[in-house]
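Asks: First the structure, then my questions, so here it is.
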Amino acid sequence: MLYAHTVDVVREAEGALMARLPEGVLMRRAATGLATECIRLLPAVYGARVVLMVGSGDNGGDALYAGAALARRGVAVRALTAGSRVHQEGAAALRAAGGRVRAFAGSDADDSDLFGADLIVDGLVGIGGRGGLREPHAGLAAQAANAPAPVVAVDLPSGIDADTGEVAGYAVRADVTVTFGTHKPGLFVDPGADRAGAVRLVDIGIGPELPGASVLRPQPVDIAGLLPTPGAEADKYRRGVLAVRAGSDRFRGAAVLAVGGALRTGVGMVRYGGPERVVDQVLARWPETVAAVLDPRQSTDLEPGRVAAVVVGPGRGTDPGDADELDAVLDSDVPVLVDADGLTLMSGETGRDLADRVRERSAPTLLTPHAGELARLLGDVTREDVEVRRLEHARRAARSFGCAVLLKGSTTVIAHPDGPSVVNPTGTPLLASAGTGDVLSGAVGALLASGVPVVEAALCGAYLHGRAAELVHGGAPVSASDLLHGLPLALAEVRADG
Ligand SMILES: NC(=O)C1=CN([C@@H]2O[C@H](COP(=O)(O)OP(=O)(O)OC[C@H]3O[C@@H](n4cnc5c(N)ncnc54)[C@H](OP(=O)(O)O)[C@@H]3O)[C@@H](O)[C@H]2O)[C@@H](O)CC1
Ligand SMILES: [K+]
């Protein structure tokens, strides 16, 4: 598991440790770790050319001290400063080691040092950065982006918000980010995560001072530990029965995909209920389903005691009958996953009663919106707002509805009113196509029915779904049906890693 802490928490931990250590020790540790990573990235050390982009804070100080260490190893180091000040001791250390320090001349002409560099180090701003990069920082960073050398970001790529991953203006795009003490949430969540490249954590000793993380990013081994392993004595009821209330005459595929997602993730039995033509189609594709014709306006019976979890909403419709069905499902005392049309029914003024129903439930509820659906559920933000501050809005929704929320998209995040948020490390942008969400709802539903707790089920389902896409796509677009082939591969891989 990787852990991320917010800036306030990092500063507090740093303060507690610094009070016991001689001045400058933490920066020296950070700089040593940074220099080591730079050396790994250089084809040869002696005679290599490294350019430091240096802002006015301690982030620039880290870069300067690392530059001094590189210069002592025979690297030609040039520091280009931006901003009103420069870290004096760091600049002196670099000069004493044979490096040069000068102010960036501005964006009017290409900087020859930058374009001749073997490696560029981004020490413009770190956790002290606010908003998009100002000038001359942005101009310097833009030149670095055009230069051929790889870019190593110090602590985080300058211009991304450390706590949210938001990019409010120009931001550096790094090949490698060397971060200190703990990960920052913005390194886990897009759009920030996308700018960070490969992230390396350097231990500077603040670990014991840090409280529990605010954001987690699991590794394959963590997923393996969370997945259920059916014992020899397991029968279909003990493995869990999932009820799927998806699909309609208009959207028959949603039912087929949600049922498939569940079966391919592993569940004792899927009970499908829906219109006759959809039942036929589900049975034609998945004959192992126990399917019954069900008109939500006449029967919303969930067969109490016979199902362990319910998926409701994908392609189901938003008629009054569908609202009645959702209401009845929410009235049950088993875990419920609400997706797609179910989320639409819960949104706005007309959805108020259903939203209250969710708040009143004692059994776990999981909402699985994409950014547009989350914006509608929250009612006071746009889809774009949600996309740039994914963690914040997923957390708000979790608090507002008193349940777990899985926000789909460029980084899938899972929030719960209690405990840290979790980000899913797998997936590809090519996953954004019709029907993939239906497969996800089935996959997560299967895990809920198997007794996996709600946040863990959401995480494992999202992980397997994203990994399935990575394994089947090979660079080509992924259809929702392809995902159904990828799920067993993803499961086998996770079990082998575990
Ligand atoms: N915490 C730890 O454990 C350790 C932390 N360490 C290191 O310290 C770093 C934090 O250093 P820090 O606090 O000095 O802030 P930092 O990121 O250098 O930026 C502040 C400067 O940036 C400027 N500025 C702000 N926004 C801007 C913008 N949009 N565009 C342009 N400029 C902008 C701002 O200018 P101002 O707004 O004041 O004019 C101010 O001068 C941290 O990331 C890590 O690298 C390690 O050494 C050891 C252990
Ligand atoms: K930086």
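Any Cβ shown, glycine's included, is placed from N, Cα and C.
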Asks: Let me know which member of Asp118, Asp122, Asp194 TrEMBL also records as binding K(+) at the site of Asn59, Ser158.
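Replies: Answer, per TrEMBL (K(+) site with Asn59, Ser158), from Asp118, Asp122, Asp194: Asp122.
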Asks: Hey, TrEMBL has AMP bound by Lys408, Gly409, Ser410, Thr411, Thr412. Any idea which of Gly419, Gly435, Gly437 it lists too?
Replies: Gly437
Asks: Of Arg130, Ser158, His370, Thr412, Gly437, listed as binding-site residues, which ones have a Cβ less than 6 Å away from ligand 1?
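Replies: Cβ under 6 Å from ligand 1: Arg130.
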Asks: Near ligand 2, which of the binding-site residues show up if the criterion is a Cβ under 6 Å from one of its atoms? Options: Asp58, Asn59, Asp122, Ser158, Thr411, Thr412.
Replies: Asn59, Asp122, Ser158
Asks: Once Asn59, Asp122, Ser158 are set aside, which residues in the chain still have Cβ within 8 Å of the Cβ centroid of the K(+) site?
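Replies: Once Asn59, Asp122, Ser158 are set aside, the remaining close residues are Met53, Gly55, Gly60, Ala63, Gly123, Leu124, Val125, Gly126, Gly129, Ala153, Val154, Asp155, Leu156, Pro157, Val172.
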Asks: Other residues with Cβ within 8 Å of the Cβ centroid of Lys408, Gly409, Ser410, Thr411, Thr412, Gly437 at the AMP site?
Replies: His370, Ala371, Arg390, Leu407, Val413, Asn424, Gly427, Ala432
Asks: Averaged over the domain 'YjeF N-terminal' (10-212), what pLDDT does the predicted model reach?
Replies: 96
